[in-house]
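First up is the structure itself, then whatever we jot down about it.
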Amino acid sequence: MTSPSIRVAQHAGVCFGVKRALEEASKVLAEQDGSIHTLGELIHNPRVVQDLEQQGAHVAHSVDEVKDGTLIIRAHGVAPQVKQAAEDAGLHVVDATCPFVKRVQDHARSLYKGGYQVVIVGEAGHPEVEGILGCTDGKACIVSSAQEVEFLDISSRVGVVVQTTQTSKNLREVVDALLLRAREVRVFDTICSATNERQEAARALAATCDLMLVIGGRNSGNTRRLFQICHDVCPCTYHIEDAREIDPKWVACASNIGITAGASTPQGQIDDVLSTLKQITS
Ligand code: SF4
């Protein structure tokens, strides 16, 4: 029997912002100066969170839970009021907010200060969106789709920013709906290309495979979305958190195996899956 081909999607695994947050956490851990906490799970990956915990970086769910030491802010960012509260409490704050998220926060702040009614296109309650909202003193409106625009009380000058993981299509539809109602609409397209690149690469690879493995936390929204995209074109798609979940039966009849991974999946976990597959198929 010939061995199957095994290919990894052209864009897969940790994005720039997550990689940077992990590097910041490693630096803090290497210094080990007092207690270390991350504000929320650093990334949506249970294995990485467990590793960090074992090394001494604990998860705090609010600033109040942390009495002293270092507090790491994750790539999603937080509202400026939350960061200020941590500094006022005397904590050493390491801000690992992704620069692309900071850019959204800065645009939202300058629109708000410039007198615009700020509209955030995104998912209400998502930590990134909560952080952006804080930059407008909680005054921005959040809409997830064009249909929600009709329920807004619109002023004549509207400024739009968008959660980094939204689609261009959704942004366009919301802006079109706003243009019908406001005299001036100023738009900052703050979508990050990392999500789109991973989705397009996963779709292209899955279309050529008879088995597709999607690696990432089950609590990771972007990994679940990758699974859905791959499953639509390759019915034999499995979402796994690590290599131990691979069932040799899946691999037995496969001749083209594809692998992709969510934006919170470190390269080491992709490498583990690759070597497990090679062992099974050799
Ligand atoms: S998806 Fe983009 S904005 Fe979000 S953390 Fe990654 S690089 Fe930053």
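Each residue, glycine too, has its Cβ placed from N, Cα and C.
Around the Cβ of Cys192 ([4Fe-4S] cluster binding site), 21 further Cβ atoms fall within 10 Å across all displayed protein chains. In the three-state DSSP classification, Cys192 ([4Fe-4S] cluster binding site) falls within coil. Positions annotated as [4Fe-4S] cluster binding site by TrEMBL: Cys15, Cys98, Cys192.
Within the same chain, the residues at least 6 positions away from His44 (isopentenyl diphosphate binding site) whose Cβ sits under 8 Å from its Cβ are Gly216, Gly217, Asn219, Ser220, Gly221, Thr223, Gly262, Ser264, listed in sequence order. The annotation isopentenyl diphosphate binding site is assigned in TrEMBL to His44, His76, His126, Ser220, Asn222, Ser264.
Annotated (2E)-4-hydroxy-3-methylbut-2-enyl diphosphate binding site per TrEMBL: His44, His76, His126, Thr164, Ser220, Asn222, Ser264, in sequence order. Neighbours of Thr164 ((2E)-4-hydroxy-3-methylbut-2-enyl diphosphate binding site), defined as other CB atoms within 10 A of its CB across all chains, total 25.
Marked as dimethylallyl diphosphate binding site by TrEMBL: His44, His76, His126, Ser220, Asn222, Ser264. Under the DSSP three-state reduction, Asn222 (isopentenyl diphosphate binding site) is assigned to helix.
Marked as active site, proton donor by TrEMBL: Glu128. Shown in sequence order, His76, Gly77, Val101, Val104, Gly122, Gln163, Thr164, Thr165 are the residues of the chain, 6+ apart in sequence, with a C-beta less than 8 angstroms from the C-beta of Glu128 (active site, proton donor).
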From Cys15, Cys98, Cys192, the binding-site residues whose CA lies within 10 Å of that of His126 (isopentenyl diphosphate binding site): none
Ser220, Asn222, Ser264 as binding-site residues, winner by CB count within 10 A: Ser264
Entries of Cys15, His126, Ser220 (binding-site residues) sitting next to ligand 1, with Cβ under 6 Å as the cut-off: Cys15
Cβ neighbours of Cys98 ([4Fe-4S] cluster binding site) where a neighbour is any other Cβ within 10 Å: 23
